[in-house]
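As recorded in TrEMBL, the features of this protein are as follows:
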TRANSMEM  C:67-90  transmembrane segment
TRANSMEM  C:127-150  transmembrane segment
DOMAIN    C:138-228  domain 'Nucleoside transporter/FeoB GTPase Gate'
TRANSMEM  C:222-241  transmembrane segment
TRANSMEM  C:247-268  transmembrane segment
DOMAIN    C:250-298  domain 'Ferrous iron transport protein B C-terminal'
TRANSMEM  C:307-330  transmembrane segment
DOMAIN    C:308-441  domain 'Nucleoside transporter/FeoB GTPase Gate'
TRANSMEM  C:336-362  transmembrane segment
TRANSMEM  C:374-394  transmembrane segment
TRANSMEM  C:406-425  transmembrane segment
TRANSMEM  C:445-468  transmembrane segment
């Protein structure tokens, strides 16, 4: 205790804190890096290459070695090694300078795609992660799930057909449903349709679509279209998109006699004492939250009144089917109403 | 006033006051099992206490009873075990309380299910009632908090209600012990098969779902002819309820 | 054969589910409510439509108003706490007089009259009995006041309005408004607070409420805070201000606890709990006049007695351990003295001392016995006069005499402040830990809830100690 000095003690403490931060900070902490590295890195690269080849072959593009190296951001020797290994295991073969999948290679790739999409579905339905995180988490998880685990996951989720982006999930026998739809950018004015797919790549465009609060399952009606923009209504709001972005959204066209409610508003705009009729809940609310709202009586046709304003702005209480229920603004703003 | 109402009923021809013994937590060797279901905040625990003579805490707060409580009473020399299920708004979701309630009504095979509802919020409460009636055909509707409904000038035509639902309806104010004798009498009549229920089935379902439900329910009946609630099983299968699928495979619930 | 048919049914249901699409649940819920509306239309009649301004609505207008909502809330909370702390004083000292000053000597006399060996007598009467008696004397009266008051508010229907008023603040830290109530319940007893989190039906927010409940200063810790603040904080200001100064110090600690609760809630919701499902719903039930005596009775049976019983079960072995470590010798030193000297260095770093750390280790079962243990151990290691013998916990009648013993143990204002901080920020008592495990059924979250506060306690007291020594 002779050497004790408050400043030394504080400095030692600071050093330990910095070290702990470097070790455990999210994702980039040394501890996490070592943990992920210890898992076979080779396997991940192999599976990433398989996936890349699978998606390009689906789009009728053929990649050569250079394309692969350019697309995957891993070191080159690792990729070349992996390609050699994959050829030896007959997962791929060369045709000219194009790398192609064999039957067993494409089966393998399909399994990874299945794991990825199922995991995204799982994240969407059963966890509270933000949807901007789904893709990245699934990118990591797809390498960890075994075939049996994937099958168990699928049956837990009720063997879903589509992932939350609307992409089909391959079955365990490798069957894959077709998406029948038209790109939003191709629709003509006054077309009514339902959004069935939003491409999650490229990342920049996907994030932009997410920011616009456009979601799978919602009904849309195209109201205006020019060379530089496409305007459509959905869930009571108006959206303006550039064709390049609209091209990433797929819509299934509906018969004309489907009534798309116009002049919708959101429950959050109701003023004290005002009454409205509920038209529906936005497709943005899903899983447990959606079921809970329905159970509480926020169903199509129900009358709702703003019962009580909160002294802090939210949550406000709404009188629905005889009971006062408080909702936060992020919930109320996703319940579609028509004022009466 | 309360006392008068009570005594008036104890002299009526149906209820046999001497035959009632509240047994508290002594639930051994029972003749009938009675489940108590209902929305949160409908005075379900008060009804439970009134029937068993227990004093479970009853908060004015949704979701008080999370684990199920049990008690018993004896009426006309027959012992009834009473199981207080967690209060839920619905049986369709995946939360823990709903699972407890759903599984007990479906697999615990209660002889009678008493559904406690708030008389002044009947419409909201019927959501749960209609779901339960898909599962079981031996139920009693306990129209509780009648005092509050009266205060709010709400009149309920219990006969019309009973006709619609196909089960007996008993108005009560459990806080003031009103209507409890009639409730006990009705429970015993349903338990002994003196009252046969013809429960309401949900009608306002889109055609494509109704067709799917009928198709499935037919297949289930083929496999398990003795099953009473094939429609509900079909609903759960369409929902993708893992638990039901598992039990269907093992055939345990029959 | 049978199996094949079952698989056929399951795959049929999969196909049908695909055909119906994800609208199934919506359609079913709408269908059921449509049926309900039809039934209600024919069987329910509202005779008085004009009676819109119900009494409920009028009460709600006031207690959720911008002007009155918060003052009413704080007033009620302050009143409940004040009634609890002040009201418990008298019965507490009466119980202490009975159990500690009358029954304990009587038991000792009886033991010696039947010739019980000294170690059995010490182990059972000085160890086990004394700890249990202490917990009852300190814990029972405040809980018997606090829980019924809280339950009355609950039965009336006021508590959901508190959750309603405060939800926005809790939302900012990723928590649920109902946490305001579990937190307030924690002011009575953390174990009861943890049980109360059942009212939060969203998994993520419920875990947050469970893990942070310990930051509510509980019943077992209020007396420690008040005693230490009176002795040390009250002494640094002129006499006329001393009670105000010590009172503000205690309130300051409680508010600091609320601050840490928000901070940790926020951090948890952004990191480890990010993936848990989060939903929100809050029903505002109608007001119902509570049935006074029934409520008092059930809350005593349901909450007070159960929590007290759990505390006793845990306190009894703690008493035994306290007696044992002070009376079992390793070489020429008792185990307690040996532990204290080995923890003294670490204690000094935290601005505390070995005695305090040892007291907190052996008193994990109940915060109530921390002060008696500290006094006993201080007398044991300093060898000053006082106390009732090795391993026999005691408390002194006068506050100044307690202060004298502690000062003789080397206590300064820094020790006092850090003890108050450490009393706020340390692991929950074992009753609470056990309750957390029962509620979460998860070892992981129980460990997090137990370790996290004590690490924060180490860091905070350490920093305070160094900065104090640098500048004062």
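Yeah, the Cβs are placed from backbone N, Cα and C, and that goes for glycine too.
On a predicted model such as this, the values are computed, not experimentally measured, just so you know.
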Tertiary contacts of the transmembrane segment (C:406-425), as residues 6+ beyond its ends and Cβ separation under 8 Å: 215, 217, 221, 224-225, 228-229, 231-233, 236, 249-250, 253, 256-257, 260, 350-353, 355-356, 360, 367, 370, 374-375, 378, 381-382, 384, 453-454, 456-457, 460-461, 464-465, 468-469, 472
Selected stretch (most C-beta pairs under 8 A with the transmembrane segment (C:445-468)) from C:247-268, C:307-330, C:336-362: C:336-362
Other parts of the chain folded back onto the transmembrane segment (C:247-268), taken as Cβ under 8 Å at six or more residues beyond its ends: 169-170, 172-175, 179, 183, 187, 207-208, 211-212, 215-217, 222, 225-226, 229, 233, 420-421, 423-425, 452, 456
For the transmembrane segment (C:307-330), sequence-distant contacts whose Cβ falls under 8 Å of one of its Cβ atoms, 6 or more beyond its ends: 119, 122-123, 126-132, 134-136, 139-140, 143, 189, 191-192, 336, 338-339, 358, 362-366, 368-369, 373, 376-377, 380, 390-393, 429-431, 434-435
Averaged pLDDT score, the domain 'Nucleoside transporter/FeoB GTPase Gate' (C:138-228): 87
The domain 'Nucleoside transporter/FeoB GTPase Gate' (C:308-441) - residue tally per DSSP class, helix then strand then coil: 93 helix, 4 strand, 37 coil
